[in-house]
Amino acid sequence: MKACLLFLGITTALATGNPIVKPSPPGSQDGAIQTTTTTQLARISVALQPECRELLEQALRHLSDPSSPRYGRHLGREEAKALLRPRQESTDAVRGWLARAGVPAGHVSTDGQFLHVQTLADKAQMLLGLKYNSTRGSQTIAVSSLPERIGRHVMTVQYAPDPLDQVWTEADWEECKTAITPGCLRRLYHVDNYRAKHESSNLFGIVGFSGQAAQYDELDKFLHDFAPSSANANFSIESVNGGQSPQGVNEPASEANADIQYAVAMGYNVPVRFYAVGGENHDIIPDLDLVDTENQSLEPFLEFTSHLLDLPDDELPKVVSISYGANEQLFPPSYAQQVCDMFGQLGTRGVSIVVASGDQGPGVSCQSNDGSATRPKFMPSFPATCPYVTSVGATRGIGPEVAADFSSGGFSDYFARPAWQDRAVGAYLGVHGEEWKGYYDPRGRGFPDVAAQGVNYRFRAHRNESLISGTSLSAPVFAALIALLNDHRSKNGMPSMGFLNPWIYSIGSHAFTDITESRSTGCTGKSIERLESPKIPNAGWDAVPGWDPVTGWGTPLFDRLLDLSLV
């Protein structure tokens, strides 16, 4: 046996970061195990055999003996934990066993002598040979129930169902087919029970324009009803350009409430900030969807991006979700370029910008505003077309997920296709590029990049529960998952994700559910202003295998993203 280190040397020899073990596909386990049909969450705590128990005895003797020069110089938390640090061989053996059982590496954390595992209750019961008994609560499990090759590395095993998380039944899942809740999304996108460590540096921003005011009391009631594990969570408010978020039942709040409620519930424990942005943008090139540029306005994106860029690094959000946009052609090209460049600057500072793709399919008015009054065209949406943002389209349904017909997508008229899109978008155009030739610019930046559920979200506003749909919900849900990835990277000593798109396009289908059914629709002959406009029969983009201009790469598989975020 290797000799123990002297006590005086161990106080600076603390445990290092967790090794990353990629999970293998689930395999058969020893014995036939009865499991539950619920999806309750559970926690397993495995105490590993210490590498050198004598360190504990030495430490106590030196710290407690009045004749010792170290008398009374008590240890800190991490130093005390290091006294019973396990052998690397033991850590690797148990992690490998968990990986072979299909537990993602990101769901296993090291804490001194312990490995803590958060997973679904049925998987935990399968691993430990338990039969489901919801009344039994926390249990200490006999080490002999483990495979012998694993048991020799283990001191004790504790199993506990999570008392805060919802117990899922098949009836609950059926309800998800008609209305979406945070629980539906966590199950659908394999978020399971991932919980972030609350760190002020991992700030998640939600942007509110048009006087939208996120309400604290509505969030409290929403979390109580639909995300009880997040019941104590909250958000902060920051004023931008004179914007406010006044509290009150009569304040305009539907968009702000929905965005905040799902950001907080899905990004549990990540600090969330609502940016209340004041002002209006009247620098507009009018079209059939926005005619009165004096009394109508667009969002002041320039003021918002300027505000963020002026923030010191320690106050900068790591991910920002924007649920607003308009026809790209409404913005002067120089204005759109300036805002897009500033989004790019934020990317260089480690900020991920996530933007809703829009709710107009291929477009509504579908007529150019460049003076060619008779030229029909598809209508891309800005800022979703900016290459430096991650654009999120919408899906509906869960068995299977299909494209939402309103999900905006297509190709930019202002921004060229970036190199990281060439392979995916080029492959799409090689097969489908002729279908709508003349209505779009195939050289433009394709959007969206990804998608998420966008239909019939349950939320609260004006003291009532309602349903809301749109890519404006898809964006904060996807952004919340990025906030969790930032947390996971931080735990492993890595920086925030920053600009996402080159990474997304490099992993492609490996971490997304490819959406291959349904299509977007639009260009029906009436503008948003109800004016006559060009009608393009059957206009729309189809969801097809691989990237497409209605759902991008598809919807996220968080457990896979978790592992790929560390590569």
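Cβ coordinates come from backbone N, Cα and C, glycine included.
Taken straight from TrEMBL:
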| type | residues | note |
| --- | --- | --- |
| SIGNAL | 1-15 | signal peptide |
| DOMAIN | 179-567 | domain 'Peptidase S53' |
| ACT_SITE | Glu255 | active site, charge relay system |
| ACT_SITE | Asp259 | active site, charge relay system |
| ACT_SITE | Ser472 | active site, charge relay system |
| BINDING | Asp514, Ile515, Gly546, Asp548 | Ca(2+) binding site |
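Here the features listed in TrEMBL are placed on the structure.
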residue	record	Cβ contacts under 8 Å, 6 or more apart
Glu255	active site, charge relay system	Gly208, Ser210, Gln212, Ser323, Ser472
Asp259	active site, charge relay system	Ile206, Gly208, Ala214, Ser321, Ser323, Ser472, Leu473, Pro476
Asp514	Ca(2+) binding site	Pro545, Gly546, Trp553, Gly554
Ile515	Ca(2+) binding site	Thr395, Glu401, Val402, Ala403, Ala451, Ala543, Asp548, Val550, Thr551, Gly554, Thr555
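The recorded positions considered are Ser472, Gly546, Asp548; of these, Gly546 has the fewest other C-beta atoms within 10 angstroms of its C-beta. Under the DSSP three-state reduction, Asp259 (active site, charge relay system) is assigned to helix. Secondary structure at Gly546 (Ca(2+) binding site), as computed by DSSP, is coil.
When secondary structure is read from DSSP and collapsed to three states, Ser472 (active site, charge relay system) falls in the helix class.
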